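Here is what TrEMBL records for this protein:
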type	residues	note
BINDING	Glu31, Glu79, Glu88, Lys89, His90, Lys97, Asp98	ATP binding site
BINDING	Glu31, Glu79	divalent metal cation binding site
TRANSMEM	34-52	transmembrane segment
TRANSMEM	58-78	transmembrane segment
BINDING	Glu72	substrate binding site
ACT_SITE	Glu72	active site, proton acceptor
TRANSMEM	99-120	transmembrane segment
Amino acid sequence: MKEEKEKFSLKKRAASFRFAFQGIKTLLQSEHNAWIHLTATILVFCFGFYFKISSQEWMTVCFAIGFVFSMEIINTAFEKLCDFVSPEKHELIKQIKDLSAAAVLIAAITAFVIGCIIFIPKIV
Ligand SMILES: Nc1ncnc2c1ncn2[C@@H]1O[C@H](COP(=O)(O)OP(=O)(O)OP(=O)(O)O)[C@@H](O)[C@H]1O
C-alpha cells in the first residue's frame with residue numbers, strides 16, 4: 001500500500017517544537033538527576049566565563065552538556081516506557097533500565113573528564 005505524503009505545514013512543525021519543549025519540562029519536573037545536571041551546567045558556564053575559555057573549549061563544553069542531557073532524556077523515556085509496559089518486576093526490564101542508566105553514566109563520566117582537561121590546568 002502506498003503511503004500518502006503529508007504536506008509541509010509550519011503549524012505542525014511549530015507543534016512538534018512545543019511537544020519537544022513539553023518533554024524538557026517533563027524531564028525537569030520528574031527527574032532529580034536532571035537538576036544535578038542543570039546545576040553542573042550552570043557551574044561549568046560560570047567557570048567558562050570566569051576563566052575566559054576559548055571558542056573551541058566552549059564548543060567542547062556545550063557538546064558535552066548536550067550529550068549528557070540527551071542521554072538523560074532518552075534514559076527517562078526508557079524508564080517511563082518500561083514502567084508502562086511492565087509495572088511488575090522482570091529481569092529484562094531490569095537489564096533495559098540498567099543499560100539506559102549506564103548510557104547516562106558514561107556520558108556524565110565523559111563530560112567530567114572533558115571538564116577536568118579544560119579547567120584543571122586553568123585552576124592550578
Ligand atoms: N520493573 C522492574 N523490574 C526489574 N527491575 C527493576 C524494575 N524497575 C526498576 N528496576 C531496577 O531498579 C533500578 C532503579 O529503577 P527506577 O525505575 O527506580 O530508576 P531510578 O533509580 O528512579 O532512576 P532515576 O534515578 O534515573 O530516575 C533499575 O535500574 C533496575 O535495576
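Yeah, the Cβs are placed from backbone N, Cα and C, and that goes for glycine too.
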Of Lys89, His90, Lys97, which of the binding-site residues has the most Cβ neighbours inside 10 Å? Lys97
Cβ-Cβ under 8 Å with the transmembrane segment (99-120): same-chain residues at least 6 beyond its ends: 33, 37, 40, 44, 47, 51, 53, 57, 60-61, 64-65, 67-68, 70-72, 74-75, 78-79
Least Cβ-packed of the binding-site residues Glu31, Glu72, Glu79, Glu88, Asp98 (other Cβ atoms within 10 Å) is Glu88
Can you see whether DSSP assigns Asp98 (ATP binding site) to helix, strand or coil? helix
